[in-house]
Amino acid sequence: MDGAPVAEFRPTMTHGGRYLLYDIFGNKFEVTNKYQPPIMPIGRGAYGIVCSVMNFETREMVAIKKIANAFNNDMDAKRTLREIKLLRHLDHENIIGIRDVIPPPIPQAFNDVYIATELMDTDLHHIIRSNQELSEEHCQYFLYQILRGLKYIHSANVIHRDLKPSNLLLNANCDLKICDFGLARPSSESDMMTEYVVTRWYRAPELLLNSTDYSAAIDVWSVGCIFMELINRQPLFPGRDHMHQMRLITEVIGTPTDDELGFIRNEDARKYMRHLPQYPRRTFASMFPRVQPAALDLIERMLTFNPLQRITVEEALDHPYLERLHDIADEPICLEPFSFDFEQKALNEDQMKQLIFNEAIEMNPNIRY
């Protein structure tokens, strides 16, 4: 896909020249006419396709994600709206910036949603899988930026819930930006996520135990897993299923004591944990002898079984391992908590369309119909 000749994708003008329609390998890709060729497909997922293209008004290259048939499934539509609203609210160097929600040519008659964000070069998943050399300084700098972005997210009263290497985007200067907020939740909410959940390998023990009152600490666990994967170039806990995942965790950090199980209110979950084989705690120093002790100390504090005892993002930024990079004056917080109120109402397809259309119009006040 990456090597496709640029000349292949010539647009057709539509809607009186206000829009350009590209055919990307049989996929219809229709955007406002400020997005001029050359256009390049750079990725695809279950939702649709992503292309890089230049906005000729701002002279900035952007990544445009097409979410095809965005309203076929209520949950997916809500996820799209949540992502748009969150990205518009969160303004931070380590969070991907939203540039546009492209207004549809005909206000009520649209099924696809196009979201433009900053264009990045790659993601952490690709870097980990590549044979590119990564010094410990690189890993440390990536960890610092993840925590810096997460401090801002958590201060907005938001839990990301789906941190994993492929959701951490990078450019050639090693700048890191967190993306994919479709699963984010308010940090005060206590009902168990009913839909998708964090990719299993990065999932905190309390989520594996179906704890209903999880907190921002679940993101910290994910960061610990990601950092060790960066250093080791392979996943720390690559579980095949829920039970295998928990076994891998306890084999490393030890079977939790009754004291460590204190946060679990569900008696069945406690019983389940008590019946697991008894594993002693292994020291990270014995498993990763080449990693400096300060790094391992921080990771052990992140990978603490009990979320109430797990280190917070602010505490992690203040840890001696990050002393070289830490600067509290340059680690901003979000001054206004994000409101998830729009999720409280049951919305039908037309209402959901209207809300996403409203977001597009707010970002394109000069559009005329």
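Each Cβ is built from the backbone N, Cα and C atoms, and glycine gets one as well.
DSSP classifies T14 (phosphothreonine) as strand under the three-state reduction. The phosphothreonine annotation in Swiss-Prot covers T14 (among others) and is backed by experimental evidence.
The phosphothreonine annotation in Swiss-Prot covers T32 (among others). In the structure as shown, the Cβ atom of T32 (phosphothreonine) sits within 10 Å of 21 other Cβ atoms.
The domain 'Protein kinase' annotation in Swiss-Prot covers 36-322 and rests on sequence analysis.
The ATP binding site annotation in Swiss-Prot covers I42, G43, R44, G45, A46, Y47, G48, I49, V50, K65. Under the DSSP three-state reduction, R44 (ATP binding site) is assigned to strand.
Per Swiss-Prot, active site, proton acceptor is recorded for D162. Taking all protein chains in view, 22 other C-beta atoms sit within 10 angstroms of the C-beta of D162 (active site, proton acceptor).
If you look up Swiss-Prot, you'll see T194 (among others) marked as phosphothreonine.
Positions annotated as phosphotyrosine by Swiss-Prot, on the basis of similarity to another entry: Y196.
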Where the distance is taken from Cα to Cα, which of the recorded positions T32, I42, A46, G48 turns out closest to D162 (active site, proton acceptor)?
A46
Tell me the coarse DSSP state (helix, strand, coil) of V50 (ATP binding site).
strand
One finds that other Cβ atoms within 10 Å of the Cβ of A46 (ATP binding site) number exactly 6
Expressed in Å to no decimal places, the gap between the Cα atoms of T32 (phosphothreonine) and V50 (ATP binding site) is 16
Same chain, 6+ residues apart, C-beta under 8 Å of the C-beta of V50 (ATP binding site), given in sequence order:
P41, I42, G43, R44, A63, I64, K65, K66
